[in-house]
Amino acid sequence: MTKFIFVTGGVVSGLGKGITSASIGLLMKARGYKTTNIKIDPYINYDAGTMNPYQHGEVFVLDDGGEVDLDLGNYERFLDTSLTFDHNITTGKVYSTVIEKERRGEYLGATVQVIPHITDEIKRRIREIARNYDIVVVEIGGTVGDIESMPFLEAARQMQLEEGRENVAFVHVTYVPKLRVVGEQKTKPTQHSVKELRSLGIQPDAIVARSEDPLEEGARKKISLFTNVPEEAVISAYDVEDTYEVPLLLEREGLGKYLVKRLGLEDREPDLREWEKMVAKYKALQDSVEIAIVGKYVKLTDSYLSIKEALKHASVSNEVKVKIRWIEAEDIEEHGTKLLEGVDGIIVPGGFGARGAEGKIMTIRYARENDIPFLGICFGFQLTVVEFARNVLGMKGAHSTEIDPQTPYPVVDLMPEQRNLDKLGGTMRLGAYPVKIKKGTLAYELYKKDLVYERHRHRWEVNPDYIEAFEKAGLVFSGIAGDDERRMEILELPDKRYFIATQFHPEFKSRPMKPAPVFHGLVKAAKEYKQEKDATH
């Protein structure tokens, strides 16, 4: 019998429900239970693919090409697993299916309503995934009281009724503010939030109280009394230095043990040794390197969440802390490359459109000419080709046709299969594709194999007509698409310390104990470069 743990949020959004859900998943998996995580996003978009990163943070891409909420990235990293597009349930998907069924006449003339038709479809989607697992953690996005999340909370309430109380638990994440004026933690927002949840027919089994400092005993007692939750199940989730500490904190607070007991499961000793080792290693790092990320969404660093995490993973494997210098690409256009002075490594990440493109090209030139360890990703890969064409091959005005359709040298062009599309949603080259790696190259040294699967999200590619000219000038295409030999995937400059760019997004497959090879290589090169600089000064 599958067990379900629903995670809801109250008071304010952005409390870390995603990290809490991922941590619960990890604590169950560490006990030997086959566990997975589902994210419910109550917005009406079908998926996260066409959303602005400023509003929503990064769009995370799965193996099957699903463009999903960044929380699924956290689930994959914490549980070291690969999820599917079905693990992200949105209002858009649910309504689409119900309307299609209604058009096909599957409801036999019934009046189609939120209850039972929408709620049944939500439950069907959750159960569909649950079939292969012992425990399913379901995070319901948004805040209790939001009009959008009502049908999902109702479906969760019904599931507890249908599956039996012993098979469904509710964890409510709330915020306990501390008012500086009075210097005490305030539990009233939590009380009201739980009251709201109970008015919808849901009694939480555990409360994860987010606060800056550990929860005071008085506050814990008060929350327990007013929310009808046992004291042992009022969990203090105070701020920690790093999100990877959260599972260990929740375990120390007794959440794993409590949930297993609440669901009538055998409480096995959780095996968190590897995780503890990784966290201890990360916290103990003394030396640091500084890596610049030059992008167009740096005002909201969550737009590059997986890159931040991949650098963290690589910092553990290289035993050196990575400090990130965030630089707006347009600032480079305005103030020049002096903004990059002193960095030990440079990343130009993905991103669409003309804004900041010239700043990124200036950055790539600076990295190449000054031999600074460099990694270009997706659009960063394409602009590396543009920079090389302009400044090494002398192709004045070379560009990507995405930015300049009239360029005399279209060194980056729309992929042939992308030419006549009228829809933007879900139509790119998305998901995991095979990449063949040439032996004797930096890429082969990093991956140590000649065939890898990496995740993609792009419409443009290196124009095959120019490949020969690039190669003659010393640019090495060390990775090509396994499904189309004319499609370039990895480029490198062998005469540089570390200069590599990928058409795919290596950050999406990076894991705490298995850093993405190109990130590991970048941090290693940055560390060596810094040591060289320090030795000469």
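Every residue gets a Cβ built from N, Cα and C, even glycine.
As given in Swiss-Prot:
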- CYS378: active site, nucleophile (ACT_SITE)
- HIS505: active site (ACT_SITE)
- GLU507: active site (ACT_SITE)
- SER13, ASP146, ILE147, GLU148, LYS186, THR187, LYS188, PRO189, THR190, GLN191, LYS222: CTP binding site (BINDING)
- SER13, LYS186, THR187, LYS188, PRO189, THR190, GLN191, LYS222: UTP binding site (BINDING)
- GLY14, LEU15, GLY16, LYS17, GLY18, ILE19, ASP71: ATP binding site (BINDING)
- TYR54, GLY351, PHE379, GLY380, PHE381, GLN382, GLU402, ARG459: L-glutamine binding site (BINDING)
- ASP71, GLU139: Mg(2+) binding site (BINDING)
- 290-532: domain 'Glutamine amidotransferase type-1' (DOMAIN)
- 1-265: region 'Amidoligase domain' (REGION)
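DSSP assigns PHE381 (L-glutamine binding site) to a helix.
Residue pair GLU402 (L-glutamine binding site) / ILE147 (CTP binding site) shows a Cα separation of 39 Å. Neighbour list (GLY18 (ATP binding site), Cβ cut-off 8 Å, at least 6 residues apart, same chain): LYS39, LEU70, ASP71, ASN74, TYR75, GLU139.
In this structure, the binding-site residues ILE19, ILE147 were compared by how many other Cβ atoms lie within 10 Å of their Cβ, and the smallest count belongs to ILE147. Model confidence over the domain 'Glutamine amidotransferase type-1' (290-532) stands at 94, taken as the mean pLDDT rounded to a whole number. Of all Cα pairs drawn from SER13, ASP146, ILE147, GLU148, LYS186, THR187, LYS188, PRO189, THR190, GLN191, LYS222, which the record names as binding CTP, the longest spans 30 Å. ASP71 (ATP binding site) falls within a helical segment according to DSSP.
With PRO189 (UTP binding site) as the anchor, the candidate recorded positions are SER13, ILE19, CYS378, HIS505, and the one with the nearest CA is SER13.
Fewest other C-beta atoms within 10 Å: among the recorded positions ASP71, GLU139, GLU402, GLU507, that description fits GLU402. Separation of the C-alpha atoms of HIS505 (active site) and ILE147 (CTP binding site): 35 Å, rounded to the nearest whole number. Taking the C-alpha positions, the distance from LYS17 (ATP binding site) to GLN382 (L-glutamine binding site) comes to 36 Å. In the three-state DSSP scheme, THR190 (CTP binding site) falls into the helix class.
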